[in-house]
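Novice: Here it is: the structure, laid out below.
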Amino acid sequence: MSTREPDDGGHSGIGGAQEEALGAASQKKKMLTKLDPEKLHTFDDARHSRETNNRSGGTSPSDNGIVQPLPTFARLNDDVDDFATSPSASTFSFQDRRQRVPGIPLLLEGLHSFIDSVSEFWFLLFSHTFRHYLIDLTRLAVPTCLTQMLRYSCNLISTVYCGHMLDSTHFGAVSTGLTFTTLTALSLGAGISSAMDTLSTQAHGRTVSASKGQKKKDEVSENVDDVGNSPHEATVADSSRDAEESRDENLTSPCCSHQQQGKYLRQSLVVTYAAYAPVAILYLACGPLIRLVVAEEMANLVIIFLQLSVFIVVPMLATNNLIRFSQSQRQPMIGFYASLIGAVALIPILYVVRPVSVASVAWCLALNRWGTLGAVLILTYRHEDLKRSWGPGWVASYRAGELALPELRTYFAVGLPSMLANMADTWSFELMSVLAASVSDITSATWSVLFTIYGVLFSGFVGIAGAASITVGNAVGQGSVHCAQSYAKAVLVLTTSCGAVLALLLFAVGGAMFGLIQSNPEVTSAGENLMNLGAFTFFMDVTFYVMQGIYRGIGQQRLCAITVFVGMWLVTIPSAWFLTKVLDGGVTAILTGLTLGLCVSTPLQWYLLFYYINWESCIDVAKLREKNTTPDERDEDGTGRLAAAEHSPPVMHRVVVAVVDDGQNHHELESPDAGEIQT
C-alpha cells in the first residue's frame, strides 16, 4: 500500500468534495514552490493554521462565523516536501513529546528530540520550499561575507606593510595600538550598532508586509466598488475598508516603516558616539596607564597612536552603522562596493606616502577610513529606497522627538546586551592571547599564527551571521513564524555545511599553512599537532557565532549574551587558566579550554533557540514595538498629519446598523442609543 493512502480498513473517511479540495490545494502548493519565498509565506502560514485547527479538535470557523467540522487525519501527503512544510517539521514542541511519552526521563527525552531535529534537516534539504529559503539566504550571505573579508583585508594589508617597512619597535607599537583600539572603541561601537540587526531588519519586514497589504487592499477596493447590488453589502464593505485603511495608516504604512529605519540609524549614531566619547577622552590621558602595561621603549609610540586613533575610529563607526543600515534593507552591495574601494585604495596610499613612523601610519589609516565613509555616503544617498528611509528624519521637529532621552534609552536597552556579548567574546580571545604569551615565546607565536589562519577563515562567517539576522529579522517583522524558523534552519544548514568543509581543510592542510607563515620548526611542529583539535574547535566556534545572528534577528539579545558569558567566561577562561597554570599545559591546553567552552555554549544556544524561545511572543514584541515607536504619522517631507488634524473641525458620523430595502420603501435602522460619533 502506498504511504500516501490512509490505512483505515479500506475507508479513507474523506468525501469526494474534500478530495477535490485537497487536490486543488496540492496543485496550488506545487505552483507556489516555483515562486520566491516571500510569495510562499501566505500559503505556508495558512496551511500552518489549518493543520493546527485539525489537531486541536477538527473544527474551523468558516467565513460566516459558523464552526464546521473538518476531517481529522495525521497527514494526507507525507512525502518529503510536505514533511518540511508541516507544523511537525517547522515547530518543535518539547512539551508535547513529554506528554506523549510520560515515562521517559528528561535527559533521554531531550536526546530523542535532538536526534529528531538533526534528522529533520536531512529531510528539509530535499524540500523545494526550503530550497528557496536556502537560495535566498545564500544570495544575501555571499555579498555580506565578501564585505567582511574585504574589511578584514584592510587590517591584513596594513599589518603586512608595517611588518616589512617598520622596525620591530614601531611595528610592535602599531600592533599594540590597533589591539587597544579593537578591544575598546571598535568592539563597543560594533556591539551597539548591532541593535539595528533587530530593530531595522524588523522595520524593513513591516515595510514589505505593508506594501503587500496596500497592493492587496487596492485590489479589494476595486472589487468592492463593482458590487453595488445591495445597500447593506456596500455599507459593510465601506466600513470594513475604512477600518482597514485606518489600521494600515496608523500602524504599518510603508512610509512610517521607512521612517522608523531612518530613526534607528540616527539613534544608533548618537548612542555609538556617546559611548565612544569617554573612550576618546581616556586615550588623550592614557599616558600613565600605558606606561604600566607596555614596555618602556614602545610606551610613547603607543600613546601617540592612541591619541591619533580618534581620526581612525570616528569614520569607522559611521561606516559600520551605514553598512548595517543598508544590509538590513537587503541592500548588501552598498557595503561590498564601499569595502572594495577601501581595500583597493589602501595599497596606493601606503605606497605613495611610505610611512616610516607611527604617526604617519595612523594618518594613512585615517585617510583610508574617511575615504571609505565617503564612498558609503555617496552610494547610500544615490539609492532611492535608502534615501527615502533616512531623508525625512533630518527635519528638526522630527529629530527632536526621536532623539529624546526615552527614545535613546529604548534603543540602548536593545543594544546593550549585544554590546556586552560582543565585548565579552572579543576580550576572552585577547585574554587567551595574554595567557599564551605568559607561558613562553613559542606558545605565543604558535597561538598568534593559529588565529591568523583562524581569522581569515572565520571572517566569512561574520557575514553569514549578518545575513542570518537580516533574513530572520525581516520574517519576524512580517509576522511569519514559519518563515522565521525556516530561515533559521537554512542558516544552520549553510553554516554547518561551510564550517564542515573548512574544518576538513584545516585538518588536511593546516600544518602546511603553519609552514607558509612561520619558519620556526618548533612553532610549525606545535601547529601541526594542534590541527586535529583546531579543526573541531573551528567548526563549533563558527556555529556558535552565526547562531548569535539568529538571536539578534528575533530580538533575544539577552539570551545571546548569557550564552556567551557562560561559554567564554565561566568555562573557557577558567579551564584554560587551570590547564595552563596548574597542569603546566601549553598552547594545546589553551585550545582545549576554548573547545570545552564551545561544547557547553553551542548546545545551550541550540536548545534555547528551538525549545525555550517562544517565537510567537517575539513577533508580538515586534508588533508592540511598532506601535510604541510610531507617535504620529509623517509625510515623506517630514511634516506631521496630527498637527494639521488638531486644527480641523470635528466630523460627525451616523452609526447605521442595517439597511432594509423591501422594493418600495428604504429604511435605515439605527441603534437607539448610538446617536452621533465625533471624530
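All residue numbers here begin at 1 and follow the chain in the order shown.
Using the three backbone atoms N, Cα and C, a Cβ is placed for every residue, glycine included.
Sharing the feature lines straight out of TrEMBL:
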REGION    1-68  region 'Disordered'
COMPBIAS  1-10  compositional bias 'Basic and acidic residues'
COMPBIAS  33-53  compositional bias 'Basic and acidic residues'
COMPBIAS  54-65  compositional bias 'Polar residues'
REGION    205-256  region 'Disordered'
COMPBIAS  239-250  compositional bias 'Basic and acidic residues'
TRANSMEM  269-290  transmembrane segment
TRANSMEM  302-322  transmembrane segment
TRANSMEM  334-353  transmembrane segment
TRANSMEM  359-381  transmembrane segment
TRANSMEM  449-470  transmembrane segment
TRANSMEM  491-517  transmembrane segment
TRANSMEM  529-547  transmembrane segment
TRANSMEM  559-580  transmembrane segment
TRANSMEM  586-613  transmembrane segment
Novice: Near the transmembrane segment (491-517), which residues from the same chain, at least 6 beyond its ends, have a CB less than 8 A from one of its CBs?
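Specialist: That would be 121, 124-125, 134, 137-138, 141, 449-450, 452-453, 457, 460-461, 464, 467-468, 471-472, 523-524, 527-528, 530-532, 534-536, 538-539, 542-543, 546-547, 549-550.
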Novice: Is the transmembrane segment (359-381) packed against any residues at least 6 beyond its ends, judged by a Cβ distance under 8 Å, and which are they?
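Specialist: Non-local partners: 154, 158, 162, 166, 170, 174, 177, 304-305, 308-309, 311-312, 315-316, 318-319, 322-323, 325-326, 334-335, 337-339, 341-342, 345-346, 349-350, 353, 387, 390.
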Novice: With CB pairs under 8 Å as the measure, which of the listed stretches 269-290, 302-322, 529-547 comes out on top against the transmembrane segment (586-613)?
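Specialist: That would be 529-547.
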